Structures are given as C-alpha cells and as structure tokens.
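S.K.: Shown below is the structure under consideration.
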Amino acid sequence: MVSFLVGIFYNTILAWVLWYFFHSFQNPLPWSQCPLNENLTGYNVECVKSTPSNYFWYRETLNITPDIEISGSLNWWLVICLASAWSVVYICFIKGISSIGKVVYVTATFPYLVLTIFLIRALTLPGAIDGLVYLFTPDVSFTPGCYWMLDNEPLEVLKNPQVWLDAATQIFFSLSLAFGGLIAFSSYNAEKNILALTNQFELSEQNITADNYESWLEYLNRTTPDVLAGVELSSCNLQTFLDQSASGTGLAFIVFTEAVIEMPGSQIWAILFFVMLFSLGLSSMFGQIEGVLTPIKDLKLLPKWIPHELISGAICLISFLTALIFTLGSGNYWVEVFNSYVGSVPLLIIAFFEITAVAYGRGMKTFSEDIYFMTGKRPNIFWKACWMVISPVLLLVVLVAYVVIQAQKYPSYPTWNPAYGPGSDLGTEPATYRSTTPPHEL
C-alpha cells in the first residue's frame, strides 16, 4: 500500500518535469521573465511581487489555490502530462523485469553525466563557496526573519525529532527500504548468489556518495542572493536567506531553473536537466510499481490467465485516476500531505516490524544460516548487533518522539505568499499568512 501511495504522488512530480521539459524549447525560457498583464501595459502584478521562476511554478504550472479547502478545477495541462508519465511507466513494464533492466542502463548512468556538467558550472557562479559553507555548517537556532538576532546555540536543530524522521525517510527513499521494491527485485535473483550480500553492504556507501554529489550541486546554486535576488547582505543574514529559500518538491523547479537561466544556451541545459530529472524519477518508479505488482502475482490474488500486460496496465490506470487529485488547483497541498505522511511514519513502522520479525521471529541464528547458504558468508557481530538492537531501538525512539511532538503541534500545511520577497516559497503555515516578514513591515 505504501508503494502504491508513494507511486501515485511521485509520478505527479514526473508530470511536472514533463511540463517544464516541454517549455524548455522556448526562447526565452518562460520562467526567465514575468509575462505581460492582460492589457499589455506592464508586467503581471503577481509575478512582480515574487520572481519569474516562482510565478511560473505556482501560477503557470500548479495554478495553485489559496488553501487546501479550495480545490479548484482540473488543470488540463497537468492531466495530459500525468497521463504521459504513466504511459511511459507502463511501456517500461510491458515486458516485465527484462524490459526494466534495459531501461535502467540509461536511467542510472545518464543523470551522473548531467550532474557533473552542472556541478562544474555551479563552481564558477558567484557565491559558490558560501553555498558549500552553508551545506557543511551545522544549523543554529534563530527566529525567522532577516532582521532578528541569532541565538548562537549550535546544533539546536538536532533536538528536533522531525529532523531525524526526515533523515530516516531520506534513507528509506534512497535505498528503497520498507517499500517492498527491493524484496520484489531480489525474488528474481538466483537462489545462491555470491554477490547478493556484498552488493547490499556496498549499496549504502554508493547511496551516500550519490546524495552528497547532488547536495553539493543544490547548495552551490542556492547562493548568490545578493546578485540574483537583490538582497543587501549587510542587513540580512545569508543563512537565514537560504533557510527561507526553496525546498521540498519545489526545489528543482525554482532553484535549479534559476541556475539554468544564468547558463549560456539555457534552453539546452534546461532540456538536459529535466531529462535527467525524468530519468531519476523513472528509475525510482520501477521499484514502487514492482512493489505493488509482484505481491499481487506471488500471492495469486488474480487468476493466472490474466496476462502481465493487463495487470500492469490496470495498476497504472488506477494510479493515474487516483493521482488526478494532484492536478487540481489544490493538488500541490495534497502532494505535500502525501510527502509528509505517506512516506515517513508508515515506513518507520514497517521497517520496525520487518526487522523485529526477522531478528526475533525467524531468529538471528536461522537468518545467518540462510545468508551463509546463499552467499557462503555469515554476517559478523556488527550486522547482528544492528539488526537485533541498534536499528530497532533507533526506529522506535524516532517514531515515539515524532508522535509526541506532533501531538503537541497545531496541524499545518504549506502555502504560498507571493508578497514575501524574492526568497518566497513553501513555508509551513496554519492558514495563508504567517509573520515571516521583517518586523518593520508588520
């Protein structure tokens, strides 16, 4: 169920990528300047209050409503892009695991080529060093707003259970833990596979390298606020500015699109960038859909005479129809809700019961013998300690702490305030406005 729910909102992001990809062929890029108003006498007022990239994202792409209670209508351009995204996923699944394996050769390697190009370019941008310093500098506790003073209490952010939950969720997403996709793919391996255990142990190291690679690029392009956003750094702390800049699902569609504008031949780089994003998202979708498809087939929930192509098509069609909620004017709010709750706490719960079932249900001795039978090697004491004590305890502590904190908080969801300066983006607010503006504007 988690794989299904994550898949329906994850493929919505691919629909957004397709929308930007189609617009990347325009010259100039539509998010590089504000459009004219209806009378053609000046620029669009809403865009002027924000930035062209913010306006194109929130208005031209999402056509976002003021809050989640106002659904709005289906945005036909997003419906078409969503249908296209699910069609691509279905085509990749027509021949089953054999067709997926061929596609992965491209989706797993092409992004590194594009990331390398963007990384080299980002290192030449003004403020690149500031971005790297911000990335590797621990956060401090401060009151929102550029004109407020810092409390100078280091590592305050580590006291927040939400941070640990986000970190766990990131690892779960990166390694596809607790989704079922890895288990589904491993079922296609030979019973005795000497590389299976080695690959799993090395996978985490490869994931850390890839995530660091992408994070460097992100924060290199997040800086240069004094040049691109016109912020006087003498009166606004750089860390505060970056903390209030784009994040979450809107990061790639705001920060990176602004970086693309600064590159010569921006249309080419925009096309490469969104092809890369689509490749990354498509490879992630393979695990999500396989985590739904394989249990249906293995548990024999459907008659054997139903062909694989029909089952895959039915799953994609149901997912597409369910995901239409994300193409509404309030769709981005629902994406944030799904992103916050579908892929975080449920994964903690599933991972906790999975690891306890293996370590204590099946038994560590039996499990070690199973690994020895498949690989010829037994796990050492470190892995046994992780499976029996360290991992279950950490998962339980994070889960309990998160539940306690959430029970004491007022429910909120992201919204957009276009009047909040050049760094405006999704900010968690109970209604439509929060006093994040400097004190002199309140």
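One-based numbering along the chain as shown.
Cβ atoms are placed via backbone N, Cα and C, with glycine included.
TrEMBL lists 5-22, 74-93, 105-125, 171-188, 268-289, 310-335, 341-360, 381-405 with the feature transmembrane segment. Annotation comment: TrEMBL describes S174, L280, S284 as Na(+) binding site.
Walk me through where these features lie, including what they touch and how far apart they are.
M.R.: Distant neighbours of the transmembrane segment (5-22): 61, 77-78, 81-82, 84-86, 88-89, 179, 249, 252-253, 257, 270-271, 274-275, 277-278, 281-282, 284-285, 288-289, 292, 319, 322-323, 326-327, 331, 334-335, 338-339, 342-343; these residues of the same chain sit at least 6 beyond its ends, with a Cβ under 8 Å from one of its Cβ atoms.
In the three-state DSSP assignment, the secondary structure recorded for S174 (Na(+) binding site) is helix.
Long-range contacts of the transmembrane segment (268-289) within its own chain (CB-CB distance under 8 A, at least 6 residues past either end) are made by residues 3-4, 6-7, 10-11, 13-14, 17-18, 20-21, 24-25, 29, 88-89, 92-93, 100, 103-104, 106-108, 110-111, 114-115, 117-118, 173, 176, 179, 181-182, 184-185, 252, 256-257, 260, 312, 315-316.
Beyond its flanks by at least six residues, the transmembrane segment (341-360) meets 2, 5-6, 9, 165-166, 168-169, 172-173, 177-179, 367, 387-388, 391-392, 395-396, 398-399, 402-403 of its own chain at Cβ-Cβ distances under 8 Å.
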S.K.: Any residues 6+ beyond the ends of the transmembrane segment (74-93) with a Cβ under 8 Å from its own?
M.R.: 11-12, 14-16, 18-19, 22, 61-63, 99-100, 103, 282, 285-286, 289, 293, 312-313, 316-317, 319-320, 323-324, 326-329, 331
S.K.: Would you mind pulling the DSSP three-state label for L280 (Na(+) binding site)?
M.R.: helix
S.K.: Cβ under 8 Å to the transmembrane segment (310-335), counting only same-chain residues 6 or more beyond its ends: which ones?
M.R.: 4, 7-9, 11-13, 15, 62-65, 67-75, 78-79, 82-83, 86-87, 89-90, 93-94, 249, 289, 292-293, 296-297, 302, 413-415
S.K.: Would you please pick out, from the binding-site residues S174, L280, S284, the one with the fewest other Cβ atoms within 10 Å of its Cβ?
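M.R.: It is S174 that, of the binding-site residues S174, L280, S284, has the fewest other Cβ atoms within 10 Å.
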